[in-house]
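Q: Quick one: this structure, given as structure tokens, is what I'll be asking you about.
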């Protein structure tokens, strides 16, 4: 699997950017952490694995040295060394919180067994042994990823990621087949700093215990919010929804949610999104919650895809689908939030019944 699929890399990178809203200053701001969602570690490993699979034989050979003794490595060698030098203690801690691509798991296990070292800052006499260890490491990774067990695991991983992606796009199409115009909201729901912390625990076992407790609470909050909007807000006209649970270094556990409202019944997307966010803060989480109203900051997004959208507005529909894919499914190829007991991290409402259409004049195509 290559790490050169730009649309998926971009989706992963955009997910790492965490967005916040300051209610006192009434301004939004963003935060980017280099290894948020394990981005730096996973991207280095995926590039290294891509090099290993494309090349044959030993990748590392006795190096040439510049006149000052500086080590000269090929592009392929550098990619692998960059992956070898990541912080594997932090990666292990992070893998409690994230389900990673099977390639990353294999790379990590082989690293633990072989323990390859970086050739930088070594004496010239030490380089042959170092390069031998790196080539052994490459061989170990290749052997694992060429086996039948790994291929089956990788196939299942990609099948699950693609299923969510294609299912989401089909769901959006089914809603527009039923409702010619919809008001689309996107709101991110999280918790205040220190309210639901898992990152504070240094031991993986402690993190896992804390994660089990947190999982039940955040799932219950999501269920309560959607139930309230569906069953206790008839004037809202909510006809569909999508949610995705994520974990960020700054925001901790948080939900990206999209709500689809009947455009024949409601307008004022910014106001409605704010009301939903305030309900999350004050009622659902009893003051522990934080929300980000994406509809109130449309200019910040490369793919806007929110607000009032008519089925005939092709550009808006493309933006909606691209935004939904970026924030809800595409990054799953590389990493996604991990919840104990195989609890879901993605969900959506039921599609309208086939043939069901809203009342109104016939559509023009």
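Every residue, even glycine, has its Cβ placed from backbone N, Cα and C.
Per TrEMBL, compositional bias 'Basic and acidic residues' is recorded for 354-365. Look at TrEMBL and you will find 177-284 tagged as domain 'YagK/YfjJ C-terminal'. The region 'Disordered' feature in TrEMBL is assigned to 346-365.
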Q: Quick check on the domain 'YagK/YfjJ C-terminal' (177-284): DSSP residue counts for helix, strand, coil, in that order please.
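A: Summed over the domain 'YagK/YfjJ C-terminal' (177-284), the classes give 49 helix, 33 strand, 26 coil.
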Q: What is the pLDDT of the domain 'YagK/YfjJ C-terminal' (177-284) when averaged and given as a whole number?
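A: That stretch averages a pLDDT of 86.
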